[in-house]
Each structure stands twice: as C-alpha cells, then as structure tokens.
C-alpha cells in the first residue's frame with residue numbers, strides 16, 4: 001500500500017485532504033503541530049479526525065514558534081482582528097514561514113516511514129496574503145525536499161507534494177468533501193479557541209460563506 | 001546595522017560561522033535547536049558562545065524530532081557507531097531533513113527580526129553522506145524561502161543563505177577560525193555527551209585530523 005504523510009491541522013482544508021488521500025488509496029501518516037498557537041481546539045479535533053479515519057500513525061510535533069512571536073496566532077500581545085472580507089494587506093494572523101516549517105517536518109517524517117507523497121490543504125484562491133499557500137512556493141519547496149533528503153537524492157524515491165485544493169474555492173472544496181463523506185462537525189476553523197466558534201473572524205467568515213454557497217448546512221453552531 | 005540569523009549548534013562549524021558573520025559587520029541573532037538529540041552538551045556550548053560573542057538575541061527552539069526517530073542522534077535504540085574515516089554509505093547519525101527544518105525556522109526568525117541574511121556552517125567537502133549539506137540543496141532552500149515569506153514576495157527583502165565553508169575543508173575552516181579569534185575550547189563536536197569527547201566517533205575523528213593538519217593544538221581534552 002502506498003504511504004502518504006498528511007499535514008492535519010484539524011481544520012476544514014486538511015481534513016478534506018486526509019479523506020482525499022484515503023480515497024486515492026494511500027495509507028495515511030498524519031502530522032499535527034503544537035506550535036504555541038493560542039488554543040488547542042484544532043489539535044484535539046485533529047487527533048479525533050485521525051482516529052476516526054483510521055490513519056496508520058498520528059504524530060504531534062511540539063515546538064515553540066511562539067518564542068519569537070510575530071503573529072496574532074502565536075503572540076498573546078497581538079489581538080485577533082475582526083473579520084474583513086475585503087482585506088488586502090497581510091493579516092496579523094500570518095505566521096512567518098509556517099508552511100515551510102510544516103513541510104520540512106513532513107519531509108523528515110515521510111523519509112523515515114518511507115512515504116513518497118505529502119498532502120497539504122492550501123489554496124491559492126482564498127490565500128488571504130499567506131504567500132506560503134501559493135503554487136510557486138509549494139513547487140519550490142518540493143524541489144528543496146528532493147535536493148535535501150537521502151531517499152530522493154541517493155535512493156531515487158522522490159517526494160511529491162499534493163496540494164489538491166490549490167485552485168479550488170472553499171465552496172468547491174466543501175462540495176468535494178461532502179462527496180468523500182467528511183464529517184465537518186469534527187473540524188475546527190475559528191482563530192479563537194472558545195467553546196463555540198466566534199463566527200466573526202476572517203476564518204469563520206470564509207467558512208460560513210463557503211457552506212452557504214455550496215448549499216450545505218455547516219454542522220457547527222456559532223456564537224453569533 | 002545589518003542583521004543576520006546564525007544557526008548555532010555549539011559545534012566547530014557554526015561557531016566559526018558566527019564569528020565570520022560578526023567580522024562581516026552583522027548584528028547576530030543566533031538560533032539553536034533542542035530537537036531530542038542524545039545530549040545537551042552542544043546546547044550549553046551554544047548558549048555560552050552566543051553570550052561571549054555578544055549576540056543581540058539567542059533563541060532555543062524546542063521540538064521533538066525524536067517523535068519518529070530514524071537516526072542514532074535522536075533515537076536511543078540506535079547506537080552511535082565507531083568512527084570510520086572511509087565510510088561510504090549514509091551514516092545512521094543522519095537526521096532526515098534536519099537542515100531543511102533548521103533553515104525553515106531560521107527563515108521565520110529572520111522575517112520577524114528583519115534580517116535578510118542567514119548563516120549556516122555546512123560543507124559539501126566533508127559532508128559524509130548528509131545530502132542536506134550540499135550547495136544544490138542550500139540554493140533550492142534559499143529559493144523556497146524567497147517564494148514563501150512575505151518579506152521576500154511582497155516587500156522586496158529577499159533572504160540570502162550564506163554557507164561560507166561550502167567548499168572549504170575543515171582544516172581550512174579552522175585556519176580561518178583561528179584568524180577570527182574563535183576559542184575552540186568553547187565548542188563541542190562529539191556525537192556522544194560524556195564529560196570528555198570520546199575521540200572515536202566520526203565527528204571527533206574529523207575534528208582531530210583537521211586540527212592536526214591545520215597545525216594547531218585542539219584545546220579539547222579527549223577520553224582516548
């Protein structure tokens with residue numbers, strides 16, 4: 001059975017990516033990151049999702065990306081802003097080089113378990129200023145991985161990064177996920193970690209709008 | 001003053017790189033990794049070296065790369081082998097994608113502090129099967145960093161990775177370090193973490209030989 005490493009945050013995108021990898025016949029090794037984000041809701045969701053999906057192994061990397069702050073997601077002194085659908089500048093929720101760090105770990109994990117495929121749920125369509133969600137970056141990172149791992153350089157086992165939603169809207173992604181049987185009540189999207197999602201941050205707004213457009217009921221209950 | 005992030009393990013190479021960055025007029029931000037390696041000797045050395053060199057900020061990233069093992073440096077069940085100067089295969093001390101992970105963190109740190117220069121003490125000459133020490137990889141990673149950070153993509157502040165020892169032997173590096181005033185008694189090279197360096201592992205053997213060839217006395221005392 002082909003093996004794949006799936007970056008699993010517990011959010012909507014990565015969960016859909018996990019189901020897609022399974023549908024494509026991969027044995028899944030999932031990886032989550034406890035990187036000093038404001039809350040652990042997503043991490044709990046990720047663990048539960050991995051278990052329900054029957055992954056071969058689920059790993060949580062602990063790391064202190066909050067040591068140097070720089071983002072509202074890791075720095076308690078920066079507030080998560082109210083949502084703004086027309087935001088044009090780089091949001092303060094941007095975590096510098098986050099996907100690069102995540103993909104580097106995924107490459108290491110893939111090399112150890114013998115996987116040649118890595119799935120990441122990024123999209124260039126809704127990327128909101130997160131430059132590490134663009135195809136150009138993913139291709140550059142795939143190239144770096146294939147220059148910097150023994151499996152690729154010495155053993156002819158190149159690693160491919162799959163970013164299946166790169167050119168899909170979130171609406172299209174949800175439509176696909178519903179076909180794949182994803183239970184979106186298992187996922188967490190809100191930037192904040194309260195009992196119920198806030199319904200007001202950029203992340204909640206994008207999700208709510210996408211469910212509406214896809215014509216499905218979002219199974220989550222929102223505070224507002 | 002120009003800022004540079006220096007990957008500082010506390011070993012001979014990274015310490016020489018730190019002194020070189022200072023000599024070139026950079027204000028230094030050093031970064032070390034506590035990644036589940038077998039011992040903390042290097043980390044203690046790194047902290048001490050950073051302090052003595054008067055860096056602006058020294059950061060230690062804690063992360064559990066030992067979660068999936070795969071290397072004698074992070075997996076207690078794999079023994080560090082006796083040294084072999086003629087080793088041709090990939091040594092078990094190879095940590096998959098380690099420099100990729102380190103450089104990704106360095107990029108994140110650089111973006112936050114506003115540095116455009118990153119120093120890493122790798123060499124392709126003595127690389128002993130560590131494919132992530134080759135120039136091809138460093139160039140590929142530099143490209144990925146410049147595709148995946150806001151400073152490079154949106155703000156025109158590209159990041160350059162300096163690997164000044166890429167084509168130097170360790171002997172040449174020590175000659176340079178002595179000119180720069182590096183105190184090599186502050187550094188730790190042995191793969192093991194005993195009170196004295198073993199003098200027998202690959203890493204010790206390379207160091208001992210290089211000091212002999214450079215015609216300097218290694219200030220460290222060895223067990224054997």
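Every residue, even glycine, has its Cβ placed from backbone N, Cα and C.
Note: TrEMBL annotation is automatic and uncurated.
These numbers come from a predicted model, not from an experiment.
What TrEMBL records for this protein:
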type: BINDING; residues: B:8, B:9, B:10, B:11, B:12, B:13, B:14, B:15, B:16, B:17, B:18; note: ATP binding site
type: BINDING; residues: B:190, B:198, B:201, B:204; note: Zn(2+) binding site
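Sorted by the number of other CB atoms within 10 A, the binding-site residues B:8, B:12, B:18, B:190 start with B:190, the lowest. What surrounds the ATP site, by Cβ distance within 8 Å of the Cβ centroid and not counting B:8, B:9, B:10, B:11, B:12, B:13, B:14, B:15, B:16, B:17, B:18, is the set B:7, B:46, B:49, B:121, B:187 from the same chain. In this structure the C-alpha atoms belonging to residue B:8 (ATP binding site) and residue B:204 (Zn(2+) binding site) are separated by 18 Å. Here residue B:190 (Zn(2+) binding site) is positioned 20 angstrom away from residue B:18 (ATP binding site), judged by their C-alpha atoms. Minimal Cβ crowding within 10 Å, among the binding-site residues B:198, B:201, B:204, is found at B:198. Taking Cα separation as the measure, residue B:204 (Zn(2+) binding site) is nearest to B:12 of the binding-site residues B:10, B:12, B:14, B:16.
Residue B:14 (ATP binding site) and residue B:198 (Zn(2+) binding site) have their C-alpha atoms 20 Å apart, to the nearest angstrom.
Under 8 Å, Cβ to Cβ, and six or more positions away along its own chain, residue B:10 (ATP binding site) finds B:32, B:41, B:42, B:43, B:44, B:45, B:46, B:47, B:48, B:49, B:187, B:188.
When the alpha carbons of residue B:190 (Zn(2+) binding site) and residue B:16 (ATP binding site) are compared, the span between them is 17 angstrom.
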